[in-house]
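*Asks:* One structure is given below, represented as structure tokens, and several questions about it will come after.
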């Protein structure tokens, strides 16, 4: 597990080093005369990166190293900022060029010297303090010294030799479950600190068999300095929580009462106690006095980084044995009493993995049933009893956790029992940590429906680190146990018990082949973490299995699930629980009654429970753990309210709830360092925020989190990072992309995952969230500032909290305040004001000074109606997003932005409100425009005015925005005008929603932007159609094209002359009347999405046959449709719409019938029908859509106003007549739903209607 500081440090250092080593930076250094210092700094950064890699290899997480890494990170930030600052100032024009250049050179030289000294100083600290082995190989550090001493004195050398030569290792569960009735102490020590100790001990601590043997359990971190009272208090609390008493002991108990409670637990019951981080023998001397009368077979496990302490805790007659080798540098050893009576064939420390078979024909033993065969020796009987106890444990403790999973269990069982395939089937279950994947497949594994379907049953959890040999041994061992033939047991007892441990791959494969011969088998392989693990297992296992065998795999990653199963239908994405199921599960854990939490019975508790469940976000692990905690607390509204008020802190600090964070952090710890930085960046966004993929990946690219490589742009690399986080279940898909099955347009972050991101980012000063109740003290420089909507501070408070000089991004969620942007933000790269309220044109005055700005989003800021000319000063700008504003024209200076790659513009008419409506109505006359400039009439404008509206705002909107657009006659078109000369932006990748209705000059410019991949234009008509054809024919890289018409004639005759459409076009959207489809559409062999809005195509059958032949078309949107019948039928040869997944039909105004014939749209997954309908409409053939999963119906039937008026003229009451029409519309809607459901019921895929 790599520390967050190290991950973030490497990410920042890579960015800085990449820029420092770039040809551009070297050219700047040459021009400024600082080549020598620049080369030194770059080389030092490279050396620091090497040291960081050494730190990763050594798994060095000491505080000193972390401090140095943070210093390196901050230095790398400064280096990158300074080098970019030099480059920006060098390129800035000046009237006094020569004198200014001399001053700049002097300033740069001085600053570079300071930077060099700083880099050198940080680098020397590594050498000076021997922080990382790579910097001082000749020096033996404390870990190496400990290892040498341990080898010589404490028996480690003998343990290592026994493990290597005789394969003699001990299992921690075996040591714990030894038959001794005396108190036994087991101490765990590692050769390289505490890495891996907690994981190994925790697995044994949570082993089902251990839980049964030791009903009283406690896990305590030894505090420094040691506090006896806190120690005893913690033990007593956990003992009672484990036993499920009504309430935990109050802290006000006297020491005498505590002592009495403690002695009653440890002296009279069988206890398991873990002492984490014991550092001195003096602490142990105090602790062991508490257990002098403990004689019930209790166990104490001690975790220590000091080999001498570990050895002495276990006793003078202790011996050392190897537990597990985690890496070349880290091996774990256990110290224990030599006389411990270890059960040799005890169960391995995994949750359900050893629920092995006990008979050939029945893999489930009835609760309480123990097979007793006189032919079995003692060890064999013990193993049988252990297996039975595990089943009883699973039935009691995990069955309730299957609440809400009935459908998933049924679906997976159906997949297992499906005999269509003639080969081994692999069913994959994937999802984020804590969803209960293991519990779910455990429920499937134990299902009575499968009890006699297979000859063999095996459940194995993949251990970490992955070891193929150990996995094969586990499979062979369970298959041996699974045989019911006495002869086979007798024949193979020596082989299974003594020889398996020494077998290697070839021998183990032979054993498996014999055991699996002519046997159908159900195998569960739990918790894959990499595709390479499956690639090693598959060739060993598949050739040995019968074709009727089935394998179930679980993983947190989607790509692993797909890789293992190979078929989409065999991949099951486990989702969070629905609210009602989550409420039942919480009720079951707290009250042992799934229906106890009812609105009628306990409205107060239900109210608080909903808040708890909101935090849990449907995650079963969180619900179960919190429910278990609440079960032992007073069941009152006040108690639950207290938990809700501090739930984030409780989840982080409360030891009873730490399991939730531990499980979820496993996913975070498994991220590579570049993804950790991207994940921590998500803490910028508010709770429950829907985060657009577009927004996030462009921000990552602007921040330098992704860089161009291997022919991919920085944004494309960022897109890969986004999908990888989704693949690892670190983000949850919110809206599936219409472009690709693998993509998503937006995501959300689970509340508990977000808490981890917030906590880790705060540790590293990466993100500071300015919100109500936040700390006013910040240690160190912050890089990303997010201002929440609930922060109500003033200017002085803002200045007192935030140092703006090192900020790289500013994100605003809520209302604008003028002091949020300052010229002090010298190095800021990202300004994200999407959706900000109260932001006006004149508030942008400070932005022109932010010369490092790369990302500017004003999306949805309805107060913005003009962009200032000084936008041309932002020479580093790469992304400009002003969609949803009132900007109707981009300033002429935009053509100076040579690095601009993405422009998103476009008006949002549905945002027009209040003062805008009033001014637009009044500003239609030139005379009034002039009068508004003088503003004598502003006070007379009716209606509410926004508090931020000023004279300047009104003048700007009237004279600078509306008057020019009114005069040019383009005010009715969505899209903004761009200036002539846009062709100079050679790096432009995306140009969205520009209005080309002014003339042909802009279209000629667009035709010269040969690097364009995405283009959206409005205002196309017959006058500029030829220029548009010519422009499109030059854009060979175009992948997405959106075309909107101008005027009533629509697009008729505007598109027909395109002779060479872009061959790579994947998305095409046409807005406007067509009547007939352009013939060149059939040439678009890569087209994935087609949207036709207002096309009014007359020859429907011809058009559908035309479109049905597009080989890659996955999404088709038609709105509205001209005609009474929609008829989809297969062609005479081949298939129609062979790749179509989504069909959307909107505004079927006069349509009476939509018909699907058998053999068409065989891959259709979703049918969407929406909009206004005039007539009763019928759907037929839905049963022939064999792959459909869902039909979405969002329609309204039209009220017949003529009949209402006629009824009113005849003397009927208007309201009564309208109510009758509404009732008739509802009747039609209900009848339509009924008929659709009847057809879907006949569909073998059983799709749903929503």
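Each Cβ is built from the backbone N, Cα and C atoms, and glycine gets one as well.
Copied straight from TrEMBL:
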- 13-94: domain 'Disease resistance N-terminal' (DOMAIN)
- 178-332: domain 'NB-ARC' (DOMAIN)
- 406-593: domain 'NB-ARC' (DOMAIN)
- 684-757: domain 'Disease resistance protein winged helix' (DOMAIN)
- 807-907: domain 'Disease resistance R13L4/SHOC-2-like LRR' (DOMAIN)
- 970-1209: domain 'Disease resistance R13L4/SHOC-2-like LRR' (DOMAIN)
- 1215-1240: compositional bias 'Basic and acidic residues' (COMPBIAS)
- 1215-1250: region 'Disordered' (REGION)
*Asks:* Based on Cβ pairs under 8 Å, which of the stretches 406-593, 684-757, 807-907, 970-1209 lies most in contact with the domain 'NB-ARC' (178-332)?
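*Replies:* Comparing 406-593, 684-757, 807-907, 970-1209: 406-593 has the most Cβ pairs near the domain 'NB-ARC' (178-332).
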*Asks:* For the domain 'Disease resistance N-terminal' (13-94), report the average pLDDT of the model, please.
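*Replies:* Across the domain 'Disease resistance N-terminal' (13-94), the average pLDDT comes out at 72.
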*Asks:* Looking only at the compositional bias 'Basic and acidic residues' (1215-1240), how are its residues distributed among DSSP helix, strand and coil?
*Replies:* 26 helix, 0 strand, 0 coil
*Asks:* Summarise the domain 'Disease resistance R13L4/SHOC-2-like LRR' (807-907) as counts of helix, strand and coil residues per DSSP.
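*Replies:* Counting residues by DSSP class gives 22 helix, 21 strand, 58 coil.
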*Asks:* Per DSSP, what is the helix/strand/coil residue tally across the domain 'Disease resistance protein winged helix' (684-757)?
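*Replies:* Per DSSP, the residues of the domain 'Disease resistance protein winged helix' (684-757) fall into 33 helix, 14 strand, 27 coil.
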